[in-house]
Amino acid sequence: MSSKSQLTYTARASKHPNALAKRLFEIAEAKKTNVTVSADVTTTKELLDLADRLGPYIAVIKTHIDILSDFSDETIEGLKALAQKHIFLIFEDRKFIDIGNTVQKQYHRGTLRISEWAHIINCSILPGEGIVEALAQTASAPDFGYGPERGLLILAEMTSKGSLATGQYTTSSVDYARKSKNFVMGFVSTRPLGEVQSEVSSPSDEEDFVVFTTGVNISSKGDKLGQQYQTPASAIGRGADFIIAGRGIYAAPDPVQAAQQYQKEGWEAYLARVGGN
C-alpha cells in the first residue's frame, strides 16, 4: 500500500499539490466522512431531495446527469446551492471517452454544461493520452473561469466482473496522470496506484493521488449484471480514500440512516488504517 494512505486526511491536505484534492481532504476531515453517494435517480426532484437529505453525511455526490429526464437550470442551480449548504463536492460520472476535440466540447460546452457545476469529472484513457491532455488544457485556459476548483479522476480500474481495465491500461493511466498532476487529482481504482512504475514514469515523493473505489455495499455481494461489491472496511483497508456507494444508500428503506451507517463504517475503517499517524 502507498505510504501516503497511512497518513491522515489533514496531513495529506497540508502538503497536497492539487488544490481540489486538498479541499476534498479538508471537507472529509471536517465532516468526518469519506462517503461518495452515487445518486443514480432519474428526476431533478429526486436528485435534489437526496442531495439535501444526505448532504450532511457525505463528502461527494456522484451524478450521472444524462439519465435525468428533466435536466434544466433548476438542476444545476439546485445542486450548486446544496453543495454550498452542506459542504460537499459534485462528481459527474461522465466517463469521457472520445478524441480530445470532442471531449473539450462535451466538458465545457454543450447542453449539460458540465464544467459549470461539476467539481470532479472522470475519463477513460482508451482514446490515448490526448484525452487527458485535452481536458487539462481546457481547465487551464485563461477563459475557463473555474481554475483550481475543477479536477479529473482517471478510470484506472473497475469493480465489474471481467473488467478489461487491468495491466497496461492501468499502468498507462498512471503515466498520463503523472504528466498532468495539476488537473488529475487521482483515480477510480480498487487500490492505491502511486507505486506503479513503468518504462516512462516512476513515483515521486510529492505524489499523492486520491483513490475513489466503487462498488461498496454493506448488505450485498453483487448483482445480476456483473457488479461485485465490497464493504466500506474492505475498500478502505485496500487503500480507498473515498468509497462510492449507490443502491446501498439511495435504494435503502431509509436513505438517511443508510448514509449514516456508511459514514460510520467508512470513518472507522479510515481511523483504523491511519492508526496513530
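Residue numbers in this text run from 1 along the chain shown.
Cβ atoms here come from the backbone N, Cα and C positions, even for glycine.
Here is what Swiss-Prot records for this protein:
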type: BINDING; residues: Asp40, 62-64, 93-102, Tyr229, Arg247; note: substrate binding site
type: ACT_SITE; residues: Lys95; note: active site, proton donor
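Fewest Cβ neighbours within 10 Å among the binding-site residues Asp40, Asp93: that distinction goes to Asp40. According to DSSP, Thr63 (substrate binding site) sits within a strand segment. Counting every protein chain shown, 21 other Cβ atoms lie within 10 Å of the Cβ of Tyr229 (substrate binding site).
The Cβ of Lys95 (substrate binding site) has Asn122, Cys123, Ser124, Leu155 as same-chain neighbours under 8 Å, each 6 or more residues away in sequence. Compared over the binding-site residues Ile97, Ile99, the count of CB atoms lying within 10 A of a residue's CB peaks at Ile97.
Proximity of Thr63 (substrate binding site) to non-local residues of its own chain (separation of 6 or more, Cβ distance below 8 Å) is seen for Ala39, Leu47, Leu79, Ile90, Phe91, Glu92, Asp93, Ala118, given in sequence order. Classification of Asp40 (substrate binding site) by DSSP places it in coil, neither helical nor stranded. Neighbour density for Asn101 (substrate binding site): within 10 A of its CB lie 10 other CB atoms from the protein chains shown.
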